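Worksheet: the structure to be examined is printed underneath.
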Amino acid sequence: NLWQFENMIMKVAKKSGILSYSAYGCYCGWGGRGTPKDATDRCCFVHDCCYGKVTGCNPKLGKYTYSSENGDIICGGDGPCKEVCECDRAAAICFRDNLDTYDRKTYWKYPASNCQEDSEPC
């Protein structure tokens, strides 16, 4: 769920998901359309696509189990929400791997009017 995703981002990327990724670019936050603006925004695009493939679990509300070892996330269990955990894990790692190009000044609260192109397919 979103709270678990927030905690996962904190563990892996050492940033607050809410304060760093909830309104970034065209895809980080609610909804999304257009072309991802940078590598971080692409992390969110891929995360949205991943959520779109999940069945049997509400990604924003469903709980999953995971543990953290040496900064890595291990998704546990075999329930339907394990897929959500794997989506969240991949996004948190993607955020961490792209911290060097994260551009808050340009893409934080990026206007939706700049995201009007047709979305590329997942």
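For all residues, glycine too, the Cβ spot is worked out from N, Cα and C.
According to Swiss-Prot, the features are:
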DISULFID  CYS26-CYS115  disulfide bond
BINDING   TYR27, GLY29, GLY31, ASP48  Ca(2+) binding site
DISULFID  CYS28-CYS44  disulfide bond
DISULFID  CYS43-CYS94  disulfide bond
ACT_SITE  HIS47  active site
DISULFID  CYS49-CYS122  disulfide bond
DISULFID  CYS50-CYS87  disulfide bond
DISULFID  CYS57-CYS81  disulfide bond
DISULFID  CYS75-CYS85  disulfide bond
ACT_SITE  ASP88  active site
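A map of Swiss-Prot features onto the structure.
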residue: CYS26; record: disulfide bond; CB count, 10 Å: 26
residue: TYR27; record: Ca(2+) binding site; CB count, 10 Å: 27
residue: CYS28; record: disulfide bond; CB count, 10 Å: 27
residue: GLY29; record: Ca(2+) binding site; CB count, 10 Å: 15
residue: GLY31; record: Ca(2+) binding site; CB count, 10 Å: 9
residue: CYS44; record: disulfide bond; CB count, 10 Å: 22
residue: CYS49; record: disulfide bond; CB count, 10 Å: 16
residue: CYS50; record: disulfide bond; CB count, 10 Å: 19
residue: CYS75; record: disulfide bond; CB count, 10 Å: 18
residue: CYS85; record: disulfide bond; CB count, 10 Å: 26
Distance from CYS75 (disulfide bond) back to CYS81 (disulfide bond), taken between C-alpha atoms, in Å: 10
Most crowded position, judged by CB atoms within 10 A, among CYS57, CYS87, CYS94, CYS115, CYS122 as disulfide-bonded residues: CYS87
Collapsed DSSP category at ASP48 (Ca(2+) binding site): helix
Between CYS75 (disulfide bond) and ASP48 (Ca(2+) binding site): CA-CA distance (Å): 19
Non-site residues, in chain order, whose CB comes within 8 A of the mean position of the CB atoms of TYR27, GLY29, GLY31, ASP48 at Ca(2+): CYS26, CYS28, TRP30, GLY32, CYS44, PHE45
Residue pair CYS50 (disulfide bond), CYS122 (disulfide bond) - Cα distance, angstrom, rounded: 9
For HIS47 (active site), nearby residues of its own chain (Cβ under 8 Å, 6 or more apart in sequence): TYR27, CYS87, ASP88, ALA90, ALA91, CYS94
